[in-house]
């Protein structure tokens, strides 16, 4: 699926006056907003190829005509068939058509999670169907139209904004990320509760995986970028990316939760205390923090955006498994990620096992 960039929409925070988002053709920018956009929607056990198919079929009481519209090869043909059978249109159609449209547009986004996230990524920008042929559903081409479809889309957007997983993160943009192991697609998100920026690195076709291999990796500047041997983070990051490429598809979430959530400067303070003899948990507590301040609930929003409900999770940390389960993500398997044991971090790993419950093989971390 193609995801539209909304980096400009996010600039609303800097008081930039935004132009409306115009949509019409399904294969153009913002085409997912159009009724002609192909996406499956199930209503009472029947799968409709698009919201346009459903809307046009409801013009008729005759189930045989509804069936013909349902079987139309695309939305354009569904529209043409409704015109062809117009003489059999139900007498109260103009009284109920807005209600029908509201229903099917709402179902379109409720049943297609990636589209719902795309809709939310438009922020508060006005949405307009830019149709010069339709001054009821569209803007009439020159702005004089009622734009009823745009109004419905904005109503659905407002509703989604109030509920998880849609209120957890906002998708901003995506780009390719070539690495020494392979090329990933990098997606950027803003966590709505904190304003923190997080990444999803996606490799391969995750839609073909019943439960993609994933990793929740908390940012560690010292380990990931400065090659520190005090922890196992950098080693785990490299191995996780390698494992995903070897698998053929998978996701690494790079989470801005430096120092188990206490931040970079406080991590340096904690390192100082460790230099003086404290272990990693004691150092955090001496600074007034909990042993682990990280929160993973918002990850549900990112995984939802990617269409992921079941995962195989690379981790040694049972807390991550539990956090995803509490977020209604099924963890079908925990995949150990035991990397980087060395003389500089052996006691750190031992403390993670003894005090934080991390699961290591005996031959990896010895007493």
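Here the Cβ of each residue, glycine as well, is placed from N, Cα and C on the backbone.
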Per Swiss-Prot, 215, 216, 217, 218, 219, 236, 258, 259, 260, 315, 320 bind GTP; matching candidate in 280, 332: 280
Cβ packing number for residue 315 (GTP binding site), 10 Å threshold: 22
Pairwise Cα distance maximum in Å, GTP-binding residues per record: 215, 216, 217, 218, 219, 236, 258, 259, 260, 280, 315, 320: 22
Listed binding-site residues 217, 219, 220, 231, 258, filtered to Cα within 10 Å of residue 294 (active site, nucleophile): 258
Between residue 233 (Zn(2+) binding site) and residue 315 (GTP binding site): CA-CA distance (Å): 11
Using Cα positions only, nearest of the recorded positions to residue 258 (GTP binding site) (220, 231, 233, 292): 220
Chain-mates of 220, 231, 233 with C-beta within 8 Å of site centroid, Zn(2+): 218, 222, 223, 224, 228, 230, 232, 234, 236, 237
For residue 292 (active site, proton acceptor), the one of 217, 220, 231, 233, 260 that lies nearest, given that the binding-site residues are compared by Cα: 260
